[in-house]
């Protein structure tokens with residue numbers, strides 16, 4: 001292993017150097033790399049390689065050895081020496097390592113002046129050299145776990161674009177004019193007009209958004225029959241006591257002329273909010289919405305009575321054959337689309353649904369005693385905490401009845417609700433219930449809930465994840481990386497065949513079982529119903545793995561999974577990320593514009609596969625166009641045997657027992673395994689019907705319990 005720095009010099013500023021005054025100097029730089037040696041005369045630096053003269057804004061490479069320094073001399077056309085400085089390469093590499101492999105600094109020159117230097121850290125391996133001290137000192141980009149991000153869910157109501165928002169100051173709802181309580185994301189705020197509301201008041205909004213272009217066009221053409229247009233008569237007002245804006249909900253600041261007051265209805269608003277206020281002068285949105293809801297429910301009841309009357313009297317205008325007329329028509333049929341794809345869905349007392357339309361099915365329900373089974377967290381012993389985040393915690397748990405070990409993911413309902421992730425949680429449950437059909441997806445046994453938490457009971461994979469293993473060996477050899485890549489391909493293609501885009505493929509989400517086979521985990525970012533030409537445009541994923549089409553705001557499909565697969569394969573083979581940046585802005589620019597660095601020692605087939613996966617035109621990317629299984633890197637793979645797990649993995653994790661936790665990060669294992677406390681006020685005010693269809697039981701768990 002021979003690490004090196006790729007260095008660029010630019011923006012030389014001579015300052016007030018006397019040598020530069022008068023005529024144009026046209027400075028250029030000379031770079032001398034010197035080695036530290038011991039001699040008879042003591043310690044000294046000797047130049048062994050020729051002097052380099054890199055042009056401004058170009059790059060050159062310098063290998064890193066302890067004691068090696070780089071002397072930079074700035075010269076001029078008519079001046080022998082303007083300025084100089086000396087940089088220790090080892091210290092520069094350490095600085096790069098702390099900044100995700102890249103740094104940018106201003107070098108102060110002597111006697112005067114400065115220049116901008118960019119440096120990027122790389123690894124270079126030859127087949128004959130062993131890994132040296134730089135591995136043990138951590139010169140790798142993959143030194144920490146990276147969390148996923150997701151664009152806030154947008155609720156489109158009357159052209160408003162409401163997103164869950166944290167209000168840092170006291171805020172009042174613009175619909176009911178009551179205080180918005182809470183500690184996290186207390187309510188919704190429109191991204192267009194800044195209107196603030198309670199989450200519970202989102203169905204009571206009757207005014208169309210004033211900041212939406214769609215609204216202005218619809219208003220122009222009078223497309224909606226129901227329309228209210230009562231303009232306010234605002235005038236500047238001096239408030240003598242603290243007053244809140246009735247549009248954005250925040251305080252009116254200032255000592256005088258703090259805001260505007262409507263002469264007719266007394267509404268108070270900021271100056272900046274005046275143009276965003278809807279024309280609802282004198283109208284109570286809450287009462288109006290309740291009246292409209294009552295009218296709608298009355299109309300629905302009338303339609304239902306009319307429908308029942310038609311069923312009782314029979315069809316009048318259409319003649320039907322006697323055989324059809326005489327058939328008994330049930331008053332209500334179960335909806336096939338709401339049945340679980342497999343297993344048995346059972347409902348806890350919190351989930352009980354309206355049974356007014358229940359039709360008994362004796363033939364189907366004859367032998368289904370498991371419907372009465374209700375699991376609870378007290379049926380398990382929590383031994384260790386395997387991980388945690390803002391969402392909740394993951395525990396190693398033992399089922400008391402059978403002494404079998406499971407991984408239980410516990411989500412906090414208040415956090416799920418505050419982050420607007422109810423639908424994501426339901427998607428994760430549906431994908432996990434489907435995962436039993438494939439060997440390389442994490443299998444779920446059941447889900448259940450309490451008033452405060454949601455629980456996923458999944459198989460315990462004690463081999464750890466790929467991020468844990470790559471931190472100890474820094475990179476995988478070609479055969480091991482190829483094996484993992486092939487199994488991941490099978491898992492991804494199964495998800496895609498079911499219309500599911502995964503969107504969060506990374507080392508952290510690839511687990512190993514006790515035999516060394518991979519399992520794809522964590523389906524919270526998945527997007528369903530993506531068959532055919534269907535596309536979506538949600539901004540989500542882990543920053544290092546996000547595809548360029550997501551960053552550009554384009555609509556996308558499963559092509560983004562193949563880009564993420566390329567990043568993951570690059571990290572497995574090379575041991576660092578293909579794209580770098582000191583912050584997300586630089587990283588995203590690198591993903592959109594930069595070409596990854598491929599070391600000389602990388603196998604030709606591996607490089608070819610990576611190049612085809614990093615194509616920025618989604619429709620031309622391998623996996624979207626062409627069969628990725630036919631790539632030369634996988635020519636030794638028998639795909640049928642691989643899917644049947646008949647090929648032995650090249651690496652088998654060290655597992656001492658079914659409950660062994662040695663392959664997980666130690667930072668969590670020492671913590672006491674207990675559930676987090678929830679926001680009681682929020683839990684008590686929460687509509688539990690949002691989680692009504694969460695509970696599920698797989699036939700595998702059914703057999704264990706019975």
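Using the three backbone atoms N, Cα and C, a Cβ is placed for every residue, glycine included.
In Swiss-Prot, the zinc finger annotation falls on 231-281 of the listed ranges 231-281, 282-332, 333-383. Swiss-Prot assigns the feature zinc finger to one of the listed ranges (108-158, 159-209, 414-464), namely 159-209.
The phosphoserine entry in Swiss-Prot, when matched to the candidates 83, 590, 676, corresponds to 676.
Relative to residue 676 (phosphoserine), the recorded positions 386, 394, 504 all have Cα atoms farther than 10 Å away. The two recorded residues residue 392 (ATP binding site) and residue 695 (phosphoserine) have their Cα atoms spaced 18 Å from each other. Here the domain 'C2' (1-107) is broken down by DSSP into helix, strand and coil counts: 13 helix, 53 strand, 41 coil. The two recorded residues, residue 394 (ATP binding site) and residue 90 (phosphotyrosine), have Cα atoms 40 Å apart.
For the pair residue 388 (ATP binding site) and residue 90 (phosphotyrosine), the Cα-Cα distance reads 36 Å.
Comparing CA positions across the recorded positions 90, 504, 538, 685, 695, the one lying closest to residue 386 (ATP binding site) turns out to be 504. For the modified residues 538, 676, 685, 695, the greatest number of Cβ atoms within 10 Å around a candidate Cβ is found at 695. Residue 685 (phosphoserine) sits 58 Å from residue 90 (phosphotyrosine), taking the Cα positions as reference. The distance from the Cα of residue 90 (phosphotyrosine) to the Cα of residue 538 (phosphothreonine) comes to 42 Å.
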